[in-house]
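Since the structure comes first, as structure tokens, the remarks are kept for the end.
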Amino acid sequence: MKSYKITLLPGDGIGPEITNVTHKILDLVSRKFGFEIKFKEMPFGGSAIDSDGIPFPDRTLQECKNSDAVLLAAIGDPKYDELPREKRPETGLLNLRSSLDLFANIRPVKIIPSLTKASSLKEDFVKEVDLVVVRELTSGIYFGEPKGRIKTDKGERAFNTMTYTSEEVNRIAEIAFKLAKQRNQKVCSVDKANVLDVSQLWREETILVSNKYKDIELTHQYVDNAAMQLVRNPSQFDVILTGNLFGDILSDIAAMLTGSIGMLPSASLTTDGPGVFEPVHGSAPDIAGKDIANPIAMLLSAAMMLKIALNETEAATFLENAINEILNDGYRTSDLMSIQTTKQVGCSQMGELLAEKLK
């Protein structure tokens, strides 16, 4: 029997709740398809601050490195906001990405037919949306040096540096074009080349990569226009390629096309090593412990893990289809209750319904 080692990082807020549901579902799926998943839960984010004093302990890093994949729920809580930046949960996430060289963030956004009414946009605008945001994840302004805050005679001055090298742009562009080749063969590169030198390099390198993919249509949009187009005509996009900061913002805009950020999975990948699979949403501490969180983004992240990291494509498709069936049956968590339905369920009940479908 094939066996896989998965590191679980439940993190903070609703993280443990959606992790518990996903763990149980993956156990069912693995048994049904004849493989084994060995899970190891490790502290990360706020939970690691509580246990180890830092958001990303070395023991967690080593466990991640020795895994076939990492399944992360969510991190962050306002109670850690007064800590020095290097000790906050968010810094642990940045360190995870850099330590595993997770340079490629893949965020699919696809409208589930039964949820078209959940979107804040009209049905006709969103019903054909099927796009992927490919975001560079380990460079750009979040990692650039110098950065900091200094005292001046005019008060405090704060600064960050946005930087990219040709190699960094090249490798993320390759990911986007290869992905587009499997889809509708369109890449839209998003930058701010009319203002930023770093974006001019981004555009030049993307064009160079595109020369190797003659069958792929490459277009360019400035980030402000891309944000508008995502709301105005989202179905025009296939693969959106962009940098760290712009991708962070655009992927959250794209997330709301589905009606809830609780629906969207993501994968953060490297060329050689374990990937990290996580929902796009945050830790939602305001609803933690109430059993009302939407576990679907976490479950779809698990499906991405099955497909990409473990090559268990049949199992991944089976899980995705079961999730769609539950939604088609009218079951909704509270974040989706703008749709007319009487079948509101909580996090654990959504997991139980899905488990019944999988048997």
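Backbone N, Cα and C define each Cβ position, glycine as well.
For the substrate site that Swiss-Prot gives as Arg97, Arg135, Asp224, the extra residue drawn from Arg88, Arg107, Arg232 is Arg107. Listed in chain order, the extra residues whose Cβ falls within 8 Å of the Cβ center of the Mg(2+) site residues Asp224, Asp248, Asp252 are Val223, Ala227, Leu245, Phe246, Gly247, Ile249, Leu250, Ser251, Ile253. Ranking the binding-site residues Arg97, Arg135, Lys290 by C-beta neighbours within 10 Å puts Arg135 at the top.
Counting other CB atoms no more than 10 Å from each candidate's CB, the binding-site residues Asp224, Asp248 peak at Asp248. Cβ neighbour count for Tyr142 (site 'Important for catalysis'): 18 (other Cβ atoms within 10 Å of its Cβ, all protein chains included). The secondary structure of Arg135 (substrate binding site), as reduced to three states from DSSP, is extended strand.
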